[in-house]
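I have placed the structure first, in the form of structure tokens, so that the comments after it can refer back to it.
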Amino acid sequence: MCGATSRPCGPSCTSCSCTQLCWARAKARATAPRSALVASSYTDGPSERTPLLQSPGGPHQDLRVNFVAGAVELHKAAALERLLWRACRGFLIASFREMEQQLEDPVTGEPAPWMTFVISYWGEQIGQKIRKITDCFHCHVFPFAEQEEARRGALQQLQQQSHELREVLGETERFLSQVLGRVQRLLPPWQVQVRKMKAVYLALNQCSVSATHKCLIAEAWCATRDLPTLQQALQDSSSEAGVSAVVHRIPCRDMPPTLIRTTRFTASFQGIVDAYGVGRYQEVNPAPYTIITFPFLFAVMFGDVGHGLLMFLFALAMVLAEDRPSVKKAQNEIWQTFFGGRYLLLLMGLFSVYTGFIYNECFSRATVIFPSGWSVAAMANQSGWSDAFLAEHPLLTLDPNVTGVFLGPYPFGIDPVWSLAVNHLSFLNSFKMKMSVILGVTHMAFGVVLGIFNHVHFGQLHRLPLETLPELVFLLGLFGYLVFLVVYKWLRVSAASAASAPSILIHFINMFLFSRSPTNRPLFPGQEVVQSTLVVLALAMVPILLLGTPLFLSRQHRRHRRRHADQQPDETKTGLLDSPDAGWGSDEEKAGCPGDEEKAEFVLSDVLMHQAIHTIEFCLGCISNTASYLRLWALSLAHAQLSEVLWAMVLNKGLSMSREIGVAAVVLVPIFAAFAVLTVAILLVMEGLSAFLHALRLHWVEFQNKFYSGTGYKLSPFTFNVEDE
């Protein structure tokens with residue numbers, strides 16, 4: 001019966017999912033005798049066991065049930081099932097089941113879910129329809145034998161093939177794992193060899209082929225001390241190949257590259273200089289002097305024994321572990337930066353400990369290493385301090401003019417008694433500010449003196465009286481005189497006359513105004529005359545700086561042109577064989593000296609413009625650069641105050657919170673942890689980076705621009721060091 005209409009199913013039934021079996025059953029009942037129908041109406045057993053198809057030999061002996069098995073993509077399964085049912089009018093039984101494992105898509109090659117199906121039908125026409133429909137849906141149809149014995153044999157054969165394939169795949173995987181393991185061991189040497197071969201071929205491609213196409217000609221830069229090694233290497237390699245290699249030294253007009261040999265210790269300092277610019281060939285290299293000046297200027301701004309010791313120990317640990325492969329091959333960029341400058345950090349920490357002892361600061365606390373030079377007992381005995389006086393005056397003043405109060409200077413650094421004074425900050429500010437000016441003027445004057453070696457080496461002796469001497473007179477006449485006033489006041493003014501000591505700043509201002517202050521007495525007799533003479537002398541150096549070198553070069557160029565014009569008629573009378581170029585056999589030997597080309601391209605306006613820029617930059621730079629060195633004072637003050645605030649607001653609070661041993665132990669653990677974290681994060685990292693950048697600026701702008709041009713380029717030798725590492 002049809003489930004939808006409650007009527008007997010027929011061949012044209014489309015109301016439900018009935019199959020051909022329903023129609024076969026109804027047809028069998030219609031052709032059976034009436035007695036059988038009556039019997040079947042009274043008993044259910046025989047009707048359930050009645051076969052759907054009659055036994056062979058009857059009228060339906062040619063009727064056979066066929067099967068189609070295959071796989072279809074998951075999203076096509078529903079449409080395939082619906083089309084099969086409608087096209088075959090239900091004369092089939094279709095079973096669909098999703099596969100547990102995903103199969104490879106034949107088009108995209110990616111894994112995709114598939115649906116397996118089995119279709120049972122009878123009739124050749126229905127089979128043809130099913131095959132056409134499955135082909136349209138691109139189904140994978142598998143052969144299905146009609147005999148049970150053939151199906152069992154096919155199943156056994158498939159199982160045997162699957163077992164053999166699994167064994168083959170297992171052996172293949174084991175073999176591939178062995179091959180890949182061997183390749184993994186041999187891959188690093190192979191990569192090194194391939195990189196070396198590529199580097200060799202790249203170098204050979206830069207060579208020129210000779211006219212006979214039998215040899216290569218290469219022009220390369222080589223250090224003079226390495227020429228014997230190069231010749232020996234070429235002889236050794238050419239003797240094995242049977243071809244001789246010849247090395248000739250040829251003159252060249254191009255500026256040679258710069259080769260500066262470094263070690264582990266000097267590499268970081270040379271990197272600081274090269275970051276500003278690679279020096280010209282045979283120019284004075286500031287790196288050796290930077291090894292001392294850079295850590296020292298950093299330490300002036302970062303002076304603290306505790307902080308410097310922490311930085312020194314951190315750098316020392318990196319230095320001691322520098323040969324470990326795990327430390328060298330660390331991929332962290334921050335770690336690589338610190339590890340590359342480990343020796344720089346080592347000296348920075350060591351110098352910071354030294355300046356920390358000078359400032360007498362260890363985590364912002366003063367230490368008493370030597371006995372103090374101030375005595376309170378002498379002040380109390382001679383001043384007659386009573387209990388009432390002490391009660392009314394919580395702050396006491398030590399007068400060094402009283403006998404026995406000041407016993408003498410502290411042996412090294414700042415006296416620890418100043419940490420208890422109210423004017424501690426004013427005293428240190430005055431000391432650090434004057435110290436910054438002295439260090440700055442000395443550093444700049446040293447840079448100007450280094451320029452003398454450049455002028456002498458490059459044969460520019462005219463620059464000594466026309467540039468170096470006026471620069472030294474201008475710098476030392478103005479700011480060197482300021483340093484003299486500071487030192488003279490320290491040595492000449494005593495504690496008794498300290499209250500009426502003259503102001504250096506007012507004297508320096510009056511020096512440029514050519515005036516005097518009636519309330520500010522002079523430091524020494526004839527001070528006004530000396531100051532006026534120095535200002536006039538410094539101003540007189542400006543036109544010498546501006547016009548001296550251009551006028552000298554212009555005169556030298558005119559003299560050279562006149563000499564060349566006098567020699568030209570004589571050269572035209574001589575023959576071709578008498579010319580100097582006649583005996584030269586190659587173009588390389590015809591290359592003249594760089595001086596000829598420079599003289600031919602002399603332009604007075606360009607030289608004047610360049611010299612004007614240099615003069616303005618130096619004269620104004622002496623003022624701004626001297627003021628720029630005051631950052632030593634400012635950064636030192638900021639570091640000391642931050643350390644003081646961190647001590648007072650964190651650790652001192654925890655120490656004064658409780659006096660019981662148990663409570664204090666519990667409270668101090670998190671407080672000390674916070675103090676340590678803030679010390680490392682703020683004072684060591686942030687303040688250290690700030691002091692590092694300011695020291696870098698002082699070297700690049702204030703020091704190196706006095707003598708260092710940095711317009712060269714590095715020598716890039718052919719080497720396998722990069723590949724070997």
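Backbone N, Cα and C define each Cβ position, glycine as well.
For reference, TrEMBL has these:
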REGION    39-58  region 'Disordered'
TRANSMEM  296-321  transmembrane segment
TRANSMEM  341-359  transmembrane segment
TRANSMEM  437-456  transmembrane segment
TRANSMEM  468-488  transmembrane segment
TRANSMEM  495-514  transmembrane segment
TRANSMEM  534-553  transmembrane segment
REGION    561-594  region 'Disordered'
TRANSMEM  661-686  transmembrane segment
For the transmembrane segment (534-553), distant same-chain residues with Cβ under 8 A (at least six beyond the ends): 462-463, 465-467, 470-471, 473-474, 477-478, 481, 511-512, 514, 602, 604, 607-608, 611-612, 614-615, 618-619
Spatial neighbours of the transmembrane segment (468-488) far in sequence, C-beta under 8 Å, 6+ residues away: 434, 437-438, 441-442, 444-445, 448-449, 451-452, 455, 504, 507-508, 511, 523-524, 530-531, 534-535, 537-538, 541-542, 544-545, 548, 618-619, 622, 626, 706
Most Cβ pairs under 8 Å with the transmembrane segment (437-456), selected from 296-321, 341-359, 661-686: 296-321
